[in-house]
Each structure stands twice: as C-alpha cells, then as structure tokens.
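Down below is the structure, laid out as structure tokens.
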Amino acid sequence: MAELGELKHMVMSFRVSELQVLLGFAGRNKSGRKHELLAKALHLLKSSCAPSVQMKIKELYRRRFPRKTLGPSDLSLLSLPPGTSPVGSPSPLASIPPTLLTPGTLLGPKREVDMHPPLPQPVHPDVTMKPLPFYEVYGELIRPTTLASTSSQRFEEAHFTFALTPQQLQQILTSREVLPGAKCDYTIQVQLRFCLCETSCPQEDYFPPNLFVKVNGKLCPLPGYLPPTKNGAEPKRPSRPINITPLARLSATVPNTIVVNWSSEFGRNYSLSVYLVRQLTAGTLLQKLRAKGIRNPDHSRALIKEKLTADPDSEVATTSLRVSLMCPLGKMRLTVPCRALTCAHLQSFDAALYLQMNEKKPTWTCPVCDKKAPYESLIIDGLFMEILNSCSDCDEIQFMEDGSWCPMKPKKEASEVCPPPGYGLDGLQYSPVQEGNQSENKKRVEVIDLTIESSSDEEDLPPTKKHCPVTSAAIPALPGSKGALTSGHQPSSVLRSPAMGTLGSDFLSSLPLHEYPPAFPLGADIQGLDLFSFLQTESQHYSPSVITSLDEQDTLGHFFQFRGTPPHFLGPLAPTLGSSHRSATPAPAPGRVSSIVAPGSSLREGHGGPLPSGPSLTGCRSDVISLD
C-alpha cells in the first residue's frame, strides 16, 4: 500500500507531457485536458498496475525530478560534525537542524550531477512498424532502434551502420529500370523509416522535429514541408518512407553509414529502422485484391434488408434505396466495385481508381464516407458485380425491401416551348395576320373587353378570346404640330382594326364607350374641325371601330388631352377648312369630342365607301390609335 501511495504521489506531480507518455505507454487514450489525463492515469494505477507501468511511472518521475549527487568537496562536508566548517569558521548550515540536511541542500550551483541517472532506452525496443500496402518487405537491415538523447543539448545526433549481403545486392541490381532523362530507378529499394518509440501497437511513420539525414556523407532529400495550419505554427513534413537507394553503396564489402540529426523532445522518443523492400504498383495490388475473392452477394442483400426494415418506433419508413453505379472518384461506371468492411453504406467505388489515387498520395480514405479505408479492409462486392454484368445500360439502380433491385432509366423530359410574352394593355395579345386564303368562319371577329365586369347577369359563360387581324388606320399628323395632341398619363396602345369591310352588330354593341367620360372640354376654336378630310387617299376605308367611337362622348378625349390651342396649329388649316368643310358640317354641340371629326350619323352612312375628294395635307404621317 505504501508503494501504491508513492506511485500515486508521483503521478499527481506529472505534467501533461508525462501523463500523455504514460497513457500512451499503457495503450490508453491520451487526448484531453490535464485533469482528464490525471483521472485516467489514476484509474490506470488503481485498476491494473502492471510492473511495466510502475517502472514507467518511476522513470518519468526521475526525469521530472532528477536526484543530485555530491561532488568530492561536498562529500567532505558530510564527515564533519554538524555546525562546524572545514576552516573552523561558522557554517551557514549550523543553524539548520541535522535532520533537515539532505544531499540536495549541500550542492553548489555548478556541481550538480545525477545520483541515479535515468535508465537508458533499449537499443532494440519491441517496436513494430505498420506495413505499407505498396511495399513488400524482403529483409530487415537495421532493427527498430531508439534515437536516444545522449546529452542535454537541444539538437541530437545519432550514427548507424548497415551492410548488404551479396544476395540482397543482386536483388537490387537486377531490379534496375532506366527512366527517361538518364535516370535509373530500382523496384527493390533500401527504405528508411522513422516512428514514435511506442510498443502498444504498430506504429505509423512519424518524423522527429528538425530532421536531417545524411547517407554516406550525402544529404538525403526529405519530403517538403506542409503549409502551416495557423500563424506561428512550426512547419512539419509529411511522414513517409524515405528511399535511400540512390545514396547507398551497392557493395557487399563496404558498409553504409547513416547520420541522423533531430531536435529532442522531453517525454517523447523516436525509433529508426531500415528495410529492404520491393515497390508494388496499383495493378499488382488490384490482382492481389481479386485473389482474395469476391464477397458473397448474400452479405449485401442482408445489409439492404436491414437498412430497409421498418422501425416500429419510427413514423418514417424507407421502402426503397437508390444506389449509383458511377464511381465517385472518376465519375465513370464501376468496373471493380469495392468498399471497406468498416463502411456502413452500400455505395461502392472503383478499386482500380482508388488504388491509383493512393499510389500517388497515400491517404486511404473512403471517398463516400471519408472514413479510413485501408487496403487490408477492402472487399469486392459480389452483388454489385452481378448487377454490373446483367445491366449495362443504366447508371442507377433501386433496391427493394426484399433485397431485389431494378434499374432506374433516365427520364427524357420533353422540352417545353414557352410562348413569347404578349404585350399590350390588360394582358391582351395580338398576333399578326397572315396574308392569303382564310376560311369563311374566321371572318367574324370577337373582341373581349376586359374592362367589363365578369359578374354581369347577362353573360352566362365568358366569351372565348380570339385574335383580331390588324390593319392600320391612318390618321394624319400635322407637320410642325408637336404637342398639339398629346397623350396624358395613361399609357396608349396601338389601334387594331379588322381588315374586312363589314362587322357584326355584336361587335359594335360590345364596345363600352359609355364608360369613358371626356377628360377635358374642347375649345370653341377647334370644335368645327373635320380631321377626316386630311386623309391622304380617297379610296382608303375608315375602320368601323373608329367611326362608331367617334360618335360617342369619349372618342378621343380619353386618349388625347388637349392642352391648349396654339396659333401655329390653326393657322395653316384656316383656308382649307373654310373652302371645303365648314359649309358641309353642321355646328356641333360644345363640349362633345365627336365634334372634332363629324356627326356620327353622316359617318355611319358613308363608312363603307370611298370618301369624297377633298384636300389633304402633304407629308402627313399615318398613326394608329387604340380604343380598348
């Protein structure tokens, strides 16, 4: 019990680094804060205190608090009686009780040596390196050896020597391959590896900090530094095996020397080893994977049934499962579907592409779930092999609850041709009329006015909207009369009138002309003007929609608001109007818009025939006015 209490006291005095080393030595999790690490170490001490763990605790404690020894002059002080000094002068230690005198209190500042030096690390610890899939070990040239710290300096140095046997030398020389550029490579190589000096499990490659390696006096190239993850962080190299074959002496009589320089770290030791290996390719590993065999398809079917089994406690049940036959790495159809045994998904990836990717940069990470997928855990899925062989024209399948599957054909969606957007007021669309032969049933045109309320009692069903053929009715515009007739704030649209000569009475009665009050009364000086006399041609027909609307009170006042009668507008018209139309047109009532043109009765009688000859203004521009 006393020894257990002493060990507990030692553990409680450890720092984070010592606690991590102790937990790593025992194979426990060494991540967490100091109080968590301390609790784990104390639990380890209470639960299973093996002799090796006790020795490790004592070793770490001796490193943490090294004991000091006395020099020759200090040992002479111990032979004197307490309270006296070598020269008879009062000693400063005379006032200290003899029981409190320890060897550590008698040490000088520069005469400190270890009374019990720490136990040296084993030269050949029981360290095993993790096997590499792309390298096959042929022999061990240097067993895993500890990079021991021999001094208290920051930088350490170690020397190693190895020699090749004639058989090993012959293997290297026969594997030589000449590469482009006068370079030669060897498939059988001399490989140098570093790792942590831990015996709990097979160790991965791990470089010591500030590592420099010289082989036979020549500096060995190392992998480049990785970019630092944060500012101020010390750059690190990617830990991987080092090929020292180009620097080695390929001789059976001359040994090879290796000099290693690194920075020592308290509580962390490293190990070095040299192997003779044969480098493999992705194709060789694929053949080895095929040689392992294909997994029984029933395993995958059982996994599918397990995933699709309805959970009674869940309200949502999965009845089918879609899986792609495309490789997530190359976006191509699978050829050798494989996945790791540790993966819980059904999606497979192509084994050839996966091995080629790891040959360039070994990560061994599943491209589907981003979990570790080492080469030893890869399997070829037999169910997917059957699917690929039986279904060659689909890229996706669907699994059912019973483990069966069916191909998912890609649906070709018909392209929808969207009609061009219509323009005009109230969403009305007007389509151009094709000149040519038209059927007689299309001569009657129906116009739907959206301004009439749809809830009228007279209409049982809304009339079908039809497109009106268009012709342009020319209305003269006087030269130099800009601003004489201007539109108001309401937008104006284009007048569309049918091309035929007669219209039905239903069209004339459907025009809601009584709902448009005049915007402004007309002045007395332009009420007697007849604008139809200024049309360019005599044979031009008036549009019935224009003729009818001119008789109503909202004719042009809704679209043209008169803002004044400038003298330059009425000046050129006075001679013409006085000689031609002033006598033929009766005086209209003031304030009616129809007085601008003519009385409605006279226009209705002659709208179907040609107009009488009359003067017209040269250079007049035809305009189109909308009445809807």
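First residue shown is number 1, and so on along the chain.
Every residue, even glycine, has its Cβ placed from backbone N, Cα and C.
Other Cβ atoms within 10 Å of the Cβ of H345 (Zn(2+) binding site), summed over all protein chains shown, number 14. Swiss-Prot lists C343, H345, C366, C369 with the feature Zn(2+) binding site.
Per Swiss-Prot, SUMO2 cross-link is recorded for K46 (among others). Counting Cβ atoms from all protein chains shown, K46 (SUMO2 cross-link) has 10 others lying within 10 Å of its own Cβ.
A 10 Å cutoff on Cβ-Cβ distances gives K56 (SUMO2 cross-link) a total of 16 other Cβ atoms nearby, all chains included. The SUMO2 cross-link annotation in Swiss-Prot covers K56 (among others).
The feature SUMO2 cross-link is assigned by Swiss-Prot to K230 (among others). When secondary structure is read from DSSP and collapsed to three states, K230 (SUMO2 cross-link) falls in the coil class. Around the Cβ of K230 (SUMO2 cross-link), the same chain contributes no residue under 8 angstroms that is 6 or more positions distant in sequence.
Annotated SUMO2 cross-link per Swiss-Prot: K307 (among others), in sequence order, evidence recorded as similarity to another entry. Neighbours of K307 (SUMO2 cross-link), defined as other CB atoms within 10 A of its CB across all chains, total 14.
Annotation comment: Swiss-Prot describes K466 (among others) as SUMO2 cross-link, evidence class similarity to another entry.
The feature SUMO2 cross-link is assigned by Swiss-Prot to K482 (among others).
Here Swiss-Prot flags 115-280 as domain 'PINIT', drawing on sequence analysis.
What Swiss-Prot records for 1-200 is region 'Interaction with CCAR2', and it gives similarity to another entry as the kind of evidence.
Taken from Swiss-Prot, the feature region 'Disordered' applies to 72-95 (among others).
Taken from Swiss-Prot, the feature region 'SUMO1-binding' applies to 450-460, supported by similarity to another entry.
Per Swiss-Prot, the feature region 'Disordered' maps to 573-618 (among others).
Swiss-Prot lists 19-23 with the feature motif 'LXXLL motif'. If one looks beyond the motif 'LXXLL motif' (19-23) by at least 6 residues along the same chain, the residues whose Cβ comes under 8 Å of a Cβ in the stretch are 11, 29-30, 34, 37-38, 40-41, 44, 53, 56-57, 60, 267-268.
Residues annotated as zinc finger in Swiss-Prot: 312-393.
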Integer Cα-Cα distance in angstrom, K46 (SUMO2 cross-link) to C343 (Zn(2+) binding site):
37
The zinc finger (312-393) - residue tally per DSSP class, helix then strand then coil:
22 helix, 18 strand, 42 coil
Conformational class of K307 (SUMO2 cross-link) under the three-state DSSP mapping:
helix
Based on Cβ atoms within 10 Å, give me the single least packed residue among the binding-site residues C343, C366, C369.
C369
K307 (SUMO2 cross-link) versus binding-site residues C343, H345, C366, C369 - nearest by Cα:
H345
Segment confidence, the region 'Interaction with CCAR2' (1-200), expressed as mean pLDDT:
73
Cα-Cα separation of C369 (Zn(2+) binding site) and K56 (SUMO2 cross-link), in Å?
39
